[in-house]
Structures are given as C-alpha cells and as structure tokens.
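Feature list (source: Swiss-Prot):
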{"type": "COMPBIAS", "residues": "1-21", "note": "compositional bias 'Polar residues'"}
{"type": "COMPBIAS", "residues": "22-31", "note": "compositional bias 'Basic residues'"}
{"type": "DOMAIN", "residues": "213-274", "note": "domain 'CBS 1'"}
{"type": "DOMAIN", "residues": "289-347", "note": "domain 'CBS 2'"}
{"type": "REGION", "residues": "1-51", "note": "region 'Disordered'"}
{"type": "REGION", "residues": "65-89", "note": "region 'Disordered'"}
{"type": "REGION", "residues": "467-509", "note": "region 'Disordered'"}
Amino acid sequence: MSNPPFQRQQPSSPLTTPNHHPSNHQHHASRKPSIVELLSSPPPLPNNTIDDEIHQFSLSRNTSISSRTSSFSQQQHGAPHHGSNSHHLSVSGMDWSEIPLSELTESNKLIYINSSYSVQKAFETLVSNNLTSVPVSISSSNENDLSSCLTFDYSDLNTYLLLIMNKINLSELSVSEIGNEHDSTAKKHEIITQTINKAKRGEEVPIEFIIKLHPKNPFIKFTENDTLFKVMETLGNGVHRVAITNLESTKITGILSQRRLIKYMWENARRFPSLDFYLNSTLQDLKIGSSTPIFIYEDQLLIEALYKMFNERVSSLAVIDRTKSLIGNISIVDVKNVSSSKNSHLLFKSVLTFISYNLSQKGIEEGQDQYPIFHVNKQSSLGRVIAKLVATQSHRLWIVESNTRTHQNSISSPVTIEATLNVSANPSSASSSNANTPEGNFGLPGKLIGVVTLTDILGLFATSKGTKTDPQFARNQRRRSSTSTTRSSIDSAISVGDGSARTTNANADSEIFRKSYTAAAKNESAISKD
C-alpha cells in the first residue's frame, strides 16, 4: 500500500493524525506511535527560532561553524525569519544539489587510527566509539597525517576471522600490496601464511596487513566547497563513504557516509520541492532496487554466512526459510558478537540460532523485547522506504511479496523477528494445511523477491539531476580487485549436505580461534561485552 502524498504547506504532526476508531479515542491517544507512523512522511520544518536556526543542517549534535556563521550573519542583516517560509536562510531558494558540503561537516572530533594498530585494538576502537569504520593513517613519518589513508571496518574483521578459521584460500585474496613490489606471488603467500600463524598463536597483527588483503574502493575526498551533487553521484555509484577536507585539501574535516547523507536528505526533504515526486512514488513506479537479493538459509551455519558476505563483497544477507519466506537479516557488523572465544561455538550453529542470540543480547543491552523486521513491498512509497532506513540506520531493506493475511494485519500487528522465529521453530503451527508455501507461513513478512539499498536511492537522486550512476559499480570494483575463485569451490563451501564432516572441522577450527583470543587475555573483557 502506497502512502498518501505529504503536504508541504503547514505539515501536520504524525501524532495528530485523525483516529480511525473514534470509540477508542482515549486508548489510541495514549498508545505509543510506531516508528513507521511517526516517520512515514518527512519531518516538519523546525520552528523559526534563533535556536532552531543555529542547529539547521548538522546531522550530528553539533553544527558546522560555517553553518552557524551564515545563519547569524543573515539574521543580523534583517533577513526575515518569523512568519517566513524561508526557514533556513543560508540555503533559501537553493536546490539540494547546490548545498555546499560544509553544511554537512560534523564539528565533533574526527576519530582515526594508525596502521601500526593491532587488529584487536582497531576493533576495540570501533566498539568503544560505536563506529562501523574508521580512517587509518598509513604515513610512516606522521601518524596524524590523513592526506593518504585507508579505512578499517567490520569487513576487515570478518576477513581476519575467516583466515584464522582456515575458511579462505590464498587465491581468494588480493596480495598485490603485501611485501615489496618485487616480491613474487609465492613470497607474498609465504608472508601471509606466516602472519596468519602469528594470529593463531595469539600474537598481535597490525591492521595494515589485513586492510591490504581486503580490497576496498579508493578513499575519495571532496573539499568543503564542493556541492552535494558531486557526492550524491559518488555515493550513488556504491561508494559507502567519502572524506570531506578543508579548502586546501590538507586536512580531513569529516566523513560523510551514505547513511548520514540519506538522513540529511530526509530531515530536509520539505525544503527541496524536487524530491516531492520521488518520495510519493512507489518502488515499482520508480523501478529501483534489485530482483536478485543475496540471501542465506536459516539452517545454514553462521560461518557460511560470514564467508558468503566475504565472497560476495556485501555487508548484509537476507535470512530466509526453505520456502523463500523472509525471516530476518544478518549484517557484517554481527561478526563482533563472535569475536570472543566464549562465543566462537556460534560460528558452527545455524544462522537462526545466531539471530536468536543477537536478540537476547539486544534485549539485555537495550531493554527491548521485540524488534521489527524491516521489509517493504513494491507498492511502498519511497518516502516510507527512506523513513524505515533512517529509523533503523540500515543500508538496505528487503522487498517481499506479502501474503494477503499478513499484509492486511501489518499495520495493527507489525511483523517482528520474534514472531518469525516462533514460526520457524514451529512450522507445523504456522499452517497445518499448507506449510510448504509462503502463504502458509502466517506471521512471516512474505516471500523474498528483492532488495532496495541506500545506493539505489542516492543513485536515483543523482540521476534526477542528469548524471548516470551504476549501483553495482563500487561492488564490482571491489570484486575485480581480488582474485576470483572457481564457482565449484564456492558452492561446496556453502552446501548444506555435509553436516557430519562440518562438525568434525568445527571442533578443530573452534580450538584455533579460542587459542588466538584467549592468549590476549588483557583485551578479552573489552571484546566479550560485545
């Protein structure tokens, strides 16, 4: 079901939406609105107060200095603000494509690390600062020099873990940056083997080693004077994040990710009339998203899911049952939950078991007992899709073909992961008459038929301004950077029919993993909490 178009003039608060059940008015008035109800249309513009002007464009808790200066300067020169439609004067009358990147620069301290950091210390930096990636200075003379840098993220940690577990063949790695440029391939392989053996013994391994093995897109930089249009084109081609530098390009002043950019576009959507058409159109009308989502079956092992994300160069997989019904999602960030020896046994448990474990941990840490599965259908409006992406801080939403009963009850009874776990654990209770069809799995969102990503949406916005984008460009570039393996070896790695052999290997590999992390006892507590 598509959403009604939002009104640009005098936007109404979702909290005051007319109640469709007058007799239950008191009950519904006290009910806590769902995320989707609150964010199905762009948020209203803030009140025209000086305090609101100060906080106008920042995606963080602090705004850029240039934003504050521009706002105060125009107010001091008598620019109208009370009762005016020009709420944010520094960009009054500007289209989103003309916005300078200085308006999106966070004034928070930029966190970065040096290439000499150990993998474990780099991982702790991600966890302690709640980051998904961190810039890495590769300068040998000045560790604060970020003019040339790479990034460390959870995909690197995943590669590191898979290497320790003997799940990656050397032929699958990019070895061009290892050792000296004149070293033979055999010599480079020898260096890799020696380094991995150090990791297995619990010795520290510098992140410079692992980030060179796991190819990424070049770390693209833009100056604060560049416009949002240029960044939209780059991120719309699948690059996950870019650096923003000062005007002289001598210092990185911030990192702009796809996730932060979509949040900015959503929070400021009412200022940009050119977005109206797209936000009110459905995914089907806009023809965005992929019809070939990458997935893992619920009964496959977690280690297989981690390998598949490595091999496919993706950061998330849909989790489905054998009827292709969507159950949930597994992310590359989830690798942090098995980076402790006490949880290593989960690597050889089913993906469904791991999802259940993640839910229990979130319940303990966040005090929540239910988590919705964030999916959409082809008739969902782009506004609804972006609202869910922003609310969940996700990079993608799964497109499903909803069965009639689930779709009719989706508003009053949103599908939760807990409900799907119950259905998966007790398939006979889902439907005694037709348990082998998606329609029989009442309680599941529906059959997985596609995926829509931040890349798709940002690419759509860039295309609307006349440029061409390829959502698969960056991913294909990452895949070309590594040596491909044969299809047969991949298929054998993710097959499901050899459970007994896998159990034997699991015990041996799990012991290797345990030795690697228990040796670094002083860091165990920091890792175990995640």
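The backbone N, Cα and C atoms fix where each Cβ goes, and this holds for glycine too.
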Mean of the pLDDT scores, which run from 0 to 100, over the domain 'CBS 1' (213-274): 89
The domain 'CBS 2' (289-347), counted residue by residue under DSSP: helix, strand, coil: 25 helix, 17 strand, 17 coil
DSSP helix/strand/coil residue counts for the domain 'CBS 1' (213-274): 24 helix, 15 strand, 23 coil
